[in-house]
């Protein structure tokens with residue numbers, strides 16, 4: 001079997017799908033994208049296709065190493081996202097050829113279900129509470145919320161009080177009937193993170209995500225030493241080498257690699273194993289589409305330390321398409337009691353509605369994240 005063609009489809013709301021075709025008619029799908037930089041990743045995918053056309057798709061490990069090491073310059077969000085989507089599609093092909101789900105090819109199940117959580121948008125307490133109520137009706141009891149709006153490098157007590165007030169109202173509204181993590185989104189400087197985390201401790205969040213930016217990772221162990229709240233990070237780390245430094249330094253309790261950013265299934269399985277050796281849990285980052293989610297689920301079901309799975313059903317980013325709009329076998333992604341079951345169909349287990357993908361790709365938007373500014377007009381972290 002040989003790879004004959006690679007096609008990319010930019011799609012709403014902010015996704016990109018990839019299709020790999022073979023000379024035997026077996027097709028694999030992947031999801032390579034950086035939110036807001038889809039065209040750049042698309043260019044990287046097509047540059048990498050020179051290494052793939054005419055090659056045997058079953059040699060996943062070799063093709064991964066070729067894509068990573070054949071260029072003198074490597075790593076980073078663009079290249080690793082391109083590799084990630086290609087890698088997902090290669091695993092999809094392998095599973096279809098062998099008539100087995102990807103998790104079966106990786107040694108089989110370590111669990112029968114995985115807890116899902118949902119992102120809840122909004123900065124006003126009333127909006128967040130309404131969002132949680134809606135999601136609870138469809139079975140969720142675990143959520144992730146914005147931990148704060150933009151903060152200055154050193155900000156005033158009013159800004160801290162506003163963030164804490166939102167969390168306090170949510171805990172008061174639901175008590176211990178729900179669990180929620182708080183996403184700082186890298187918006188908070190190290191000095192302000194120290195202040196804000198301490199003020200949030202009485203409300204016992206499940207975790208605090210990206211308390212500071214990944215490039216400030218030296219602060220993770222310092223912040224962790226000052227709080228009992230587990231710290232989470234990883235969506236802006238792109239290879240096992242990025243994660244190695246964080247694991248060695250300590251401080252992170254929950255690792256969040258993104259299967260569409262950090263080299264795909266091949267790389268993230270290695271990252272999961274590294275995390276387990278450090279007694280760090282796994283909760284893959286996934287605010288993206290159905291192929292990315294499927295890839296995450298296969299890792300979850302073969303990784304002992306996987307504890308939570310993010311998913312984007314109903315997320316406020318989903319303008320123009322919902323999580324399962326391009327999927328034919330929607331029932332396979334149904335949740336029971338807030339848990340996902342293993343995907344049982346061969347490969348990734350996603351049946352893509354290709355005609356719909358082609359139609360929606362014709363006028364796909366170029367999504368950009370908001371550009372925020374502080375009161376003094378300097379650029380703020382989003």
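Heads up, the Cβ atoms here are built off N, Cα and C, so glycines get one too.
Cβ neighbours of residue 185 (active site, proton donor) (same chain, under 8 Å, six or more residues apart in sequence): 146, 147, 209, 210, 381, 382. According to Swiss-Prot, the feature active site, proton donor maps to 185, an assignment based on similarity to another entry.
Sequence-distant contacts of residue 285 (active site, proton acceptor), defined by Cβ-Cβ distance under 8 angstroms and a gap of at least six in the same chain, are 234, 235, 256, 257, 258, 261, 310. Residues or ranges marked as active site, proton acceptor by Swiss-Prot: 285.
As annotated by Swiss-Prot, Mg(2+) binding site applies to 183, 209, 235, with the evidence given as sequence analysis. In the three-state DSSP classification, residue 183 (Mg(2+) binding site) falls within a strand. Listed in sequence order, 119, 144, 145, 146, 147, 208, 209, 210 are the same-chain residues six or more apart from residue 183 (Mg(2+) binding site) with CB atoms under 8 A from its CB.
Classification of residue 258 (site 'Increases basicity of active site His') by DSSP places it within a strand. What Swiss-Prot lists as site 'Increases basicity of active site His' is 258.
Following the DSSP three-state reduction, the secondary structure of residue 310 (site 'Transition state stabilizer') is strand. Other Cβ atoms within 10 Å of the Cβ of residue 310 (site 'Transition state stabilizer'), summed over all protein chains shown, number 24. Look at Swiss-Prot and you will find 310 tagged as site 'Transition state stabilizer', backed by sequence analysis.
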According to DSSP, which of helix, strand or coil covers residue 209 (Mg(2+) binding site)?
strand
With a radius of 8 angstroms around the mean position of the C-beta atoms of 183, 209, 235, what other residues of the same chain does the Mg(2+) site pick up?
144, 181, 184, 185, 210, 232, 233, 256, 285
Recorded positions: 209, 235, 258 - member with fewest neighbouring CB atoms within 10 Å:
235
When DSSP states are folded down to helix, strand and coil, where does residue 285 (active site, proton acceptor) land?
strand
In three-state terms from DSSP, label residue 235 (Mg(2+) binding site) for me.
coil
